[in-house]
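What follows is a single structure, written as structure tokens, with notes after it.
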Amino acid sequence: MKRLVWPAGVLLLLLALNVVFTPSFLSIQVRDGHLYGSLIDILRFGAPLILVAIGMTLVIATGGIDLSVGSVVAIAGALACLQISLDAGLITAIALALGLCLLLGAWNGLLVAAVGIQPIIATLILMVAGRGLAQLITGGQIITVNDPAYKMIGGGYWLTVPSGIVIVAVVLVVTAFLTRRLALGMLIESVGGNAEASRLAGIRSRGILVMVYAFAALCAGVAGLMISSNVSSADGNNAGLWIELDAILAVVIGGTSLAGGRFSLAGTVLGALIIQTLTTTIYSIGVPPETTLLFKALVVTAVCLVQSRSFREKVFGGRKRAAAPAVPAATDRTERETAGLPGPQDGVRP
Amino acid sequence: MLKRISAAVLAGLTAMAVTACGSGGGGASGGSSGADVITMGFSQVGAESGWRTANTKSVQDAAKEAGITLKFSDAQQKQENQIKAIRSYIQQRVDVIAFSPVVESGWDTVLKEAKDANIPVILTDRAVDSPDKSLYKTFLGSDFVEEGKKAGTWLVEEYKDSTDPVNIVELQGTTGSAPANDRRDGFQEVIKADPKFKVIASQTGDFTRAKGKEVMEAFLKANPDIDVLYAHNDDMGLGAIEAIEGAGKVPGQDIKIITVDAVKDGMQALADGKISFIVECSPLLGPQLMDLAKKVVAGEQVPDRVVTEETTFTQEQAKEVLSTRQY
């Protein structure tokens, strides 16, 4: 838990910055029968990113990476909207879209697990081809649909709460249960730690790998439905553009090591919220469009630096050093992996 | 066993890739060998909005009608893709290259290559900021500064009897693109004469609905008193309408909305009273482009700036013309 302190601190700092510029930033009202406020906006527009990042967390926990999620987002939205515009039923449209996403994810998993292609290359194939596939589905056009039921997924409200937030909460709880209450999480971490050793120990590494890639694609598919439903249209070109990079960033900010073997779902959610809060902050405090990217880069750099143990030790001196032995061993190791450093504490631990 | 299968799959993929390249190359050389038929390489920005897809369709249809072989490529909003496409057109020795630049700057090198290869270039819809005007034959497209001015003029007229300050928020197009820069500047030029007009927030919405909605949500929370929204295209305006409705306000009444483009969904919203005023930016420049291409290839002189014919729409006008809109 302790390693979540830094990302949480950054999130609070960003929120505080917003309050300085917009005093009413934290207020949440009920307007037109639904919750209304900047915090709700952050959760609502952040929902797709959180979903994609949850899937990405498990992939990264196996030591892999999935670059194709952005394209899968576009494909899911495109196929669902196309089906709806062809008067297929809503359930059929959603089932087809998510089914295709599962297939694409399994394809990624097979390339990685069975063929043995490096994850970054295997998923790069679908990242490039998938965007083309999405455009093929939409015929290069923006498909506008007018279906109130479809609109519910990403733009509607469920008991005053935006439905996107509800969906994310459900996925998060289910994922946390499966990985933390059942052995699945441990199996994933063990595959990430050493796939061959896990296999020799009797874990079906390949099955696990295919499963996590399929799960990541499914999460991306649901996110794609949300994004397209929010504006009642499918945009093969721009939907989910660069979301894979934001998702990877969210996972890393949340303290999950890219080397695999360990993951933190709570950290990922925090990371995604930081990114979305940053985006909202840029709009609210009026950063000029020309400097938006620079502003983002500076904040992200600061977040990464402040999370690095070695950076903190260099800047803040020996105080952290003295406090460190109290940290539980597991946390300690993960944090060191994140920073990519050998631990200075070995041997002095009580 | 698995290794063998994976090797076979890989071999298959490689073979497919090789054949694909081969056939692509063959088609290209075949296209340029026909001496009488003009071959045009066209690099489109992308398919970011209904406007753009109408523009694409107009170019494709007009090419078919004019008997011009069109090689079309979609740059997906990336300059490097466009540069790649133009280079490949040069290699394929097309007769004329036309393209809508994603951004204004950075084109000198590749345009020089086209010039050295003696392939004339026509810019459509968006300009480049290169000081060397000899790099392209002509620029066919809308006058974005004029569009911004039209938007500003309507606003000044609308509020001419009021002395209260008018708070304006602006949804800009893709940062650095010509329409975003010019529509902003033209609008500013007209409204700055009267200090009661104040742009209180301005942010890019990347010309997309999703971004338009997201940015407008944030604007609404940070600025309680918004009188006017000026969106650089219809799609961002349409996204913003959803945000305004979500905030319990009535678009078109509580917040007046001015957009540019006049695509079908936008005109529908205008007729429904949700948008207040639309400045047209016609995408149907295909026929004009094909005429210019023929003249340029024949070596005739063409004016270095051709403006597409455009108008503006109020809510009443939108109701009249809605059924006859092609895009």
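A Cβ is built for glycine as well, from the same backbone N, Cα and C atoms used for every other residue.
Since this is a predicted model, take the numbers as computed values, not measurements.
Per TrEMBL, the features are as follows:
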type     : residues  : note
TRANSMEM : A:42-60   : transmembrane segment
TRANSMEM : A:67-85   : transmembrane segment
TRANSMEM : A:91-113  : transmembrane segment
TRANSMEM : A:120-143 : transmembrane segment
TRANSMEM : A:155-178 : transmembrane segment
TRANSMEM : A:208-227 : transmembrane segment
TRANSMEM : A:239-258 : transmembrane segment
TRANSMEM : A:265-287 : transmembrane segment
REGION   : A:320-350 : region 'Disordered'
Contact call for the transmembrane segment (A:42-60) and the transmembrane segment (A:91-113): at least 3 Cβ pairs under 8 Å, seq gap 6+: no
When counting Cβ pairs under 8 Å to the transmembrane segment (A:239-258), the leader among A:67-85, A:91-113, A:155-178, A:208-227: A:67-85
Candidates A:67-85, A:155-178, A:208-227; stretch with most C-beta pairs under 8 Å toward the transmembrane segment (A:91-113): A:208-227
